[in-house]
Amino acid sequence: MNQLENKISFQDRIKSFFGEKGSAALGLIILFVFMTFMSDRFLTFSNLLNVARQASINGIIAVGMTYIIITKGIDLSAGALVALTGTVAAGLIVNMGLPIIVAIILTLVVGSLVGAFTGVMVSKQNIPPFIVTLALMTILRGLSFVYTSGRPIYVSNELFRVIGRGYIGPIPIPVIIAIFIGVIGHIVLKKTKFGRHIYSVGGNEEAARLCGVNIDKTLIYVYTSAGFLTAISGIILASRLSTGSPNAGDGAELDAIAAVILGGTSFAGGIGSVSGTFIGVAIIGILGNGLNLLNVSSYNQMMVKGLVILLAVLVNNIKLKKKNISR
Amino acid sequence: MDNEILRLEGLSKHFPGVKALDNISFDLIEGEIHALIGENGAGKSTLIKVLTGAYQKTDGKIFYRGTEVKNLSPTKSKNLGISAIYQELTLFPELTVSQNIFMGNERVYNKSNLVNDKEMTDEVRKIFKKIKLNISPDTLIKNLSIAQQQMIEIARAISLDADILIMDEPTSSISNKETEILFEIIEDLKNQGVTIIYISHRLEEIFEIANRVTVLRNGKNIKTLEINEIKDKDQLVNLMVGKEVTDLFPKKEVEIGETILEVKNLSYQDKFKNISFNLKKGEILGVGGLVGSQRTEVMETLFGLRKFDDGEIILKGNSVKISNAQNAIDFGLGLISEDRKATGIIKTMSVKENITLPGLDLIDRKFNVLIDNKAEEIATKSLVERLQVKTPSLKQKIDKLSGGNQQKAIIARWILLAPEILIMDEPTRGIDVGAKSEIYELMGELAKKGISIIMISSENPELLAMSDRIMVMREGEISGFLEGEKQTEENILKLAFGGVVN
């Protein structure tokens, strides 16, 4: 009995690895090897750190997006929230003269409140997340323009600029923050009661309700954490650019969603992982960097990115089909 | 009569590592009702899927009216007049009855793309008249009961003018009265020359309607019998399980204690009213009644899933307010729902995660937050072993298990919480004989430990064998309690149909 158990659980482990994020990992490896051969500027420490720094903002948003998509939700307002929180942070520092730490805390509160609002609309009011966040996308973007009167707010404060531009040792601070959030995000999802509840709500809401899972609370927490994480990204971006711009974060939600999908999280809910999402984030980051190194024009880059996402989903579908037939 | 319509010779279907069908030979005579029985996993569903073209056979031959059919695809199968009604409903809830019946087969104005709604609704009315169904063709499916939906499935198969109709557990979710109507329809269809393959776990039904019975076990054809060759149910059960099942309902004698639950005058709108009953420690209270008698709704109300207007719930002498499932769990209640797939299992999660979901607070945590994997595994492993849940590993996704093992895992989920009252809604629905017997035994053990069980069931033999007391409901009211010698199938039916028991 015990032997059998070990044997099969080993097989399961391989299967689950290749099932959910295996193709993403494979894709990442292929991409990596391909780029190494195509450009001698790719595999250098400074270039890879550069990729990591650029990907860190997407990575942080994508952790929250993973939670949301596991619950069968979606967040289209993330990019607009990046703009709002970036401008709010800059505004609090420049216009209000608040200390950096206070400004940051208030900005995180703003992000969390926006997330909580989304969560309440989705859970208590039962509005589909697509619609809630579509509305919020324009509202928040508009709000950022109104707040800044349409002009970027320049921040000259050195301490604030450290967040996005500084290093600890050789590693850029945003990368450290992103990795830290990724690890915490992974542990929360896999190891805590809250994480289990997230999976259960996405897997079968009614069954979860019967098991005493508080669906509304779980959803509100999920969207609140996502809002909080997006606010961190907003602050990092504003810091890196030394500017709170109402145009910032345009399309950030799409990059995050793409990373989550590439990482094997299912739109049908109940399945997904932060580790998979980080593989997706890496693919998108390296793809962008690689195409730049190969001098592909930005218009062509857009098409390539889209095709890669489509291809990834196609490969996944073919695998799923095979699995279903063999059963 | 000896007009063979379908014959299978040496049919096999292999999946990696499993012979789902192993050298099956089987023939179907035009106009007969041929019952197909066997435990879950015996190969019934696979056989149907091969016949409807959903699966391709590995080996063997299929003959239709004497000619061999090669590469049987879903379209080919449909063209041969083979049609199946599956156990799980395949209707579109947001569409109307007539849209559902003609889905994929819409009537159009001469070769245009415009659907002819009038022709379709007229046709539906005709079919409904034939099967005595009183539903407007314009009703949305979501507004129908499960039983009514089942009838719509049947109507759809009839509309296709099928020659061979496969019915997979058509009565598992409909009431006795509807079952009678269904049998009349089946009889009618038979007289019109339709051949029927009838699958059911309810052996009584087979004696009532079938001409012949084929028993499958482990993917093999064990025996095909004429109905008059069969002595009794036990003979069939023995063929199915391959071993003697002498004690299908092993009820343990349990000492019944104090009253722990009192429900007083529970009422909700026009759904149910004046529901009053009590439950004692270690008692198994059976709840009988027809589908639609609001049994499930009352128990869901007790579990905090539904609101009520009036009445009182008293637990161990204290009036309590239960407003959601978490409350109910805190008060020591557990509920196993009737629809395992829709509201029981979480199919994306493992057996282990399914079992511990409501009881996560009981599992040790590291630093008070992180679920301790070891502790979780130990807790689930001992339960899985005790309940004999057959799973290759605790990490197996629960939907890969058979229905009986899924149900045992769900029971394990609640045992982990050590409830005082366990509500079990149709605990053995869609479960094979062997697993059923294990679940009954388990219920007996739980009762012996002092857990009180409320068991809703539509299977009268189960109610009679397991219950210390039977409460029968009818149209939202309690029509009576049966105890001791009064517990007979006749009395249950009398109360369920509005009669009086003296």
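Even glycines carry a Cβ here, placed using N, Cα and C.
Quantities reported herein were computed from a predicted structural model and do not represent experimental measurements.
If you look up TrEMBL, you'll see A:21-39, A:51-69, A:76-94, A:100-122, A:129-147, A:167-189, A:219-242, A:278-296 marked as transmembrane segment.
Contacts between the transmembrane segment (A:129-147) and the transmembrane segment (A:21-39): absent, as fewer than 3 C-beta pairs lie under 8 angstroms at sequence separation of six or more. No contact links the transmembrane segment (A:100-122) to the transmembrane segment (A:167-189), because fewer than 3 Cβ pairs that are 6 or more residues apart lie under 8 A. When each of A:21-39, A:51-69, A:76-94, A:167-189, A:219-242 is scored by its Cβ pairs under 8 Å to the transmembrane segment (A:278-296), the top-ranked stretch turns out to be A:21-39. Contacts between the transmembrane segment (A:167-189) and the transmembrane segment (A:21-39): absent, as fewer than 3 C-beta pairs lie under 8 angstroms at sequence separation of six or more.
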